[in-house]
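Student: Pasting in a structure now, in structure tokens, and then I'll have a few things to ask.
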Amino acid sequence: MLLNSSFISLPSFFKSQELGRTNLLIHRNGSPLLCYATNTNVSQRKSANYQPNIWNYDILQSLKHDYEDARYVDRSRRLQEEVKRMIKDENVNILELIDTVKQLGLSYHFEEEIGEALDRFLSLEKCSGRNNFGRSLHETALRFRLLREYGYDISPDIFEKFKDHNGNFKACLVQDIKGMLSLYDASFLSYEGEQILDEANAFTSIHLKDLSEGRSSILIDQVNHSLELPLYRRVQSLEARWFIDSYENRKDANKVLLEAAKLNFNIVQSTLQQDLKEMSRWWKGMGLAPRLSFGRDRLMECFFWAAGMTPFEPQFSNIRKGLTKVCSLITLIDDIYDVYGTLDELELFTTAVESWDINAIQILPEYMKIFFLALYTTVNDFTYDTIKETGHDILPYLVKVWSDMLKAFLQEAKWCHNKHMPKFDDYLNNAWVSVSGVVLLTHSYFLLNRNITKEGLGYLENCPMLLQTPSIIFRLCNDLATSSAELERGEGANSIICYMNENGVSEEVAYKHIQNLLDQTWKKMNKDRVINSPSSKYFSETIINLARISHCTYQYGDGHGAPDTLAKNRIKALILEPIN
């Protein structure tokens, strides 16, 4: 069971909930609070001693990317035509080709051709009567992974033939490193209750770790890469960057695919740099960082997060920029609620946001006034652009999710103030909202969908699980990486501490429980993606990408709040440094 019944029965996040929320928005009451901001001395406030910004925004403005030139775009288009012909060729190993194209970051150019090729592949299989018993482990696992990734109904029972009479995976499979890696990768597309894939994951994990020790080859590098973080859970754009470098070293590398992949990556990266320069000017113009110097100045990290959530395609600039704005505001308000604001001030701010009344700033302290105006202006600008383009007023939806997030922030602040350690389920029911995933995804939905319908809005309201599961993954990844630092700052509850306190277990046991909960939530999201898939495939991809960028950012620590050299190198690889 993923969580207890309180998780399964959570009401829609668009309906009022009894449990307080503490993230980025407001607390709605029937009447305004009849109190005013406290005159707390700055020296009396907590300080998080956050790491300063490590990026020079003036230097970012000087970025110049060679691949902005139209001749590269023309060359890329010619190469794409060659790749299309390859996909349509019935004599190629189509599954291997599709997998390579996908890992190289090229598949978005060929969605129609790939769909037709997979349909053709399945049709030929059916006509020829070929069954699974003639397939190798690699072929079977690759077939399963690709078909499930592309939404085909395929059962994991196809792996039964690789078991012995005792129901265990055959010992002889262990020496097939390529097949074992393919089975390992496939196991991460499992649904709840698919025991054979759980067994496959356990079997391959143990033996691949043993097989990779003391060896060196391109295949072993791939094994170590997947063991570090599974292929399906990786940010696809960063994975393309890594795979291009790996693929170039292979003797069987196709030169057309390799050149097409390099050009495509660099062209999209040049678009990202233009987006980043615009966002750098926006952030500097907002003037929030110097006025709210107690908080984290993380424009670059927020842009990286937005780029990771958004499909890695040049036409999604508006979505990247919109999410960068949202993420930047979330980061600062999180610091207000976690560290700087007094409880009275947080109550006032939560109520002000929920009322969405500009006059509410009159009773806010000065530092909150500027942030309220920044939030008010940004959200209203999103609403204005959407009304202008679609005729739909999305303001109630945006204010609602911001309000719910701030209520969740406020609840956490109260727990901390009262030195209260909540039960694990109470914490998580609040924390999946406070982590801000719903705010990010709701903005994404409206930024991606300019053809907004009543049916679509109903879908957004009535399918909360699609937003809840990636938010839980986001929260758990965050807690695993930041719990120690948060405790040092006196920020109180997180999932690990709550579980330890409630169950009387060690930190190691609690970590294992959270990791298991992460895996179970991924299974739930994998299934929800199929049975409750939104009309927009891009929004569906963005939902999964939220979970992926969470793993990426918190894989080695707090890559957002305290970015280290590894975090900086990831940003440079995706945004700043072209492939030679």
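Glycine residues also receive a Cβ, built from the backbone N, Cα and C atoms like all the rest.
Sharing the features that Swiss-Prot gives for it:
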type    : residues                     : note
BINDING : R296, D334, D338, R475, N478 : (2E)-geranyl diphosphate binding site
BINDING : D334, D338                   : Mg(2+) 1 binding site
BINDING : D334, D338                   : Mg(2+) 2 binding site
BINDING : N478, T482, E486             : Mg(2+) 3 binding site
MOTIF   : 334-338                      : motif 'DDXXD motif'
TRANSIT : 1-41                         : transit peptide
Student: Quick one: DSSP breakdown of the motif 'DDXXD motif' (334-338) into helix, strand and coil?
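Tutor: Computed counts for the motif 'DDXXD motif' (334-338) are 5 helix, 0 strand, 0 coil.
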Student: Select one residue from N478, T482: among these binding-site residues, choose the one with the most other Cβ atoms within 10 Å of its Cβ.
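Tutor: Answer by Cβ density within 10 Å: N478.
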Student: Between D338 ((2E)-geranyl diphosphate binding site) and T482 (Mg(2+) 3 binding site), how many Å separate their Cα atoms?
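Tutor: Answer for this pair: 13 Å between alpha carbons.
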Student: Let's check the environment of D334 ((2E)-geranyl diphosphate binding site): how many other CB atoms sit within 10 Å of its CB?
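Tutor: Its Cβ has 21 other Cβ atoms within 10 Å.
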Student: Find the shortest Cα-Cα separation between T482 (Mg(2+) 3 binding site) and the binding-site residues R296, D334, R475, and name the residue that gives it.
Tutor: R475
Student: Only counting partners 6 or more residues apart, tell me which same-chain residues put their Cβ under 8 Å from the Cβ of R296 ((2E)-geranyl diphosphate binding site).
Tutor: Y50, Q51, T331, L332, D335, G561
Student: When you measure from the Cβ of R475 ((2E)-geranyl diphosphate binding site), which residues in the chain that are at least 6 apart have a Cβ under 8 Å away?
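Tutor: Expected: L428, A431, W432, S434, V435, G437, S495.
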